[in-house]
Amino acid sequence: MRFTKMHGAGNDYVYVNLFEESLPAPPEKLAPLVSDRHFGIGGDGLILIMPSDVADARMRMFNADGSESEMCGNGLRCVAKFVYDHGIAKKDKLKLETGAGILSVDLETDGKTAKRVTVNMGQPILDAAKIPTTFGETPVVEKELEISGRMFEATCVSMGNPHCVIFVDKADDDLVLGIGPQIENAPQFPARVNVAFIEVISPNEVRQRTWERGSGETLACGTGASAVCVAGVLAGKLHRRIVNHLLGGDLELYWSEEDNNVYMTGPAEEVFSGVWTIPQDVPLYSELA
Ligand SMILES: N[C@H](CCC[C@H](N)C(=O)O)C(=O)O
């Protein structure tokens, strides 16, 4: 299977171009295998770049555990770069179909390759039932959440996929690696949840560490960074325009007062391409039929 390895601020995925390739086996089976950093290619998950009836291309994204997510912000910037750089659509404005609808993307290019990408991430979903979370009230802002006898304040936002934002003094390993997976799987989140631990540096600057649903700690999360921008405004801690320092790089976020959309700007990089050899014990589509 031919693939391309790309990352956005260190959030790295294995990309397969289904304009040219066909998958040998179901993507939820392939994602854990290709994501494995020792036995596979290595990545936070698998992203499919596909033809679309309604946009320039379509993205489907699978976490390292094989579960599918509706959206991926860093992934969508990379899909946009791939679509542009590889001539699928040589336009500096693209429409891309995702599980969170058709999103508009603007590319900064040198005419050959895209350097930075801005995604209109759409409007945040604040309705508790739609996020989904069992916290009764909407919006869910700094609600008490008890984990292992410790109290946290949860602010919940969906950017098509669910996020729980926790403002902390210090986003250390104890919180991210210890508490993160417990929040991901807490009963308050029936579809599990992505978790962002946020240190506020100033009203327009934060530092983020991320525990992702289905993938564990990642170096960055674009939908998470967007949810943080919204959560910070709702909690009265942040302005609408922020810089978010993630472990793998910076993202710029803006939650527009005019159209209620969140705009995310950041880098996208292609690292290498290759051919992956499918392990012999993986049932192929041809054998499943
Ligand atoms: N890293 C991605 C989000 C992945 C979310 C995924 N882990 C989920 O289950 O929703 C991003 O840049 O937005």
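Every residue gets a Cβ built from N, Cα and C, even glycine.
In three-state terms derived from DSSP, Cys72 (active site, proton donor) belongs to neither a helical nor a strand segment and is classed as coil. According to TrEMBL, the feature active site, proton donor maps to Cys72.
Taken from TrEMBL, the feature active site applies to Cys72.
The feature active site, proton acceptor is assigned by TrEMBL to Cys221. The secondary structure of Cys221 (active site, proton acceptor), as reduced to three states from DSSP, is coil rather than helix or strand. Its Cβ taken as reference, Cys221 (active site, proton acceptor) is surrounded by 35 other Cβ atoms within 10 Å in the chains shown.
For Asn11, Asn63, Gly73, Asn74, Asn161, Asn194, Glu212, Arg213, Gly222, Thr223, the entry in TrEMBL reads substrate binding site. In the three-state DSSP reading, Glu212 (substrate binding site) counts as strand.
Figure note: comparing Cβ neighbours within 10 Å for the binding-site residues Asn11, Asn161, the maximum is reached by Asn11. Taking the C-alpha positions, the distance from Gly73 (substrate binding site) to Cys221 (active site, proton acceptor) comes to 7 Å.
Each residue in Ser69, Met71, Cys72, Gly75, Thr210, Ser215, Thr218, Cys221, Gly224 lies on the same chain as Asn11, Asn63, Gly73, Asn74, Asn161, Asn194, Glu212, Arg213, Gly222, Thr223 and has a C-beta within 8 Å of the C-beta centroid of that substrate site, without being one of the site residues.
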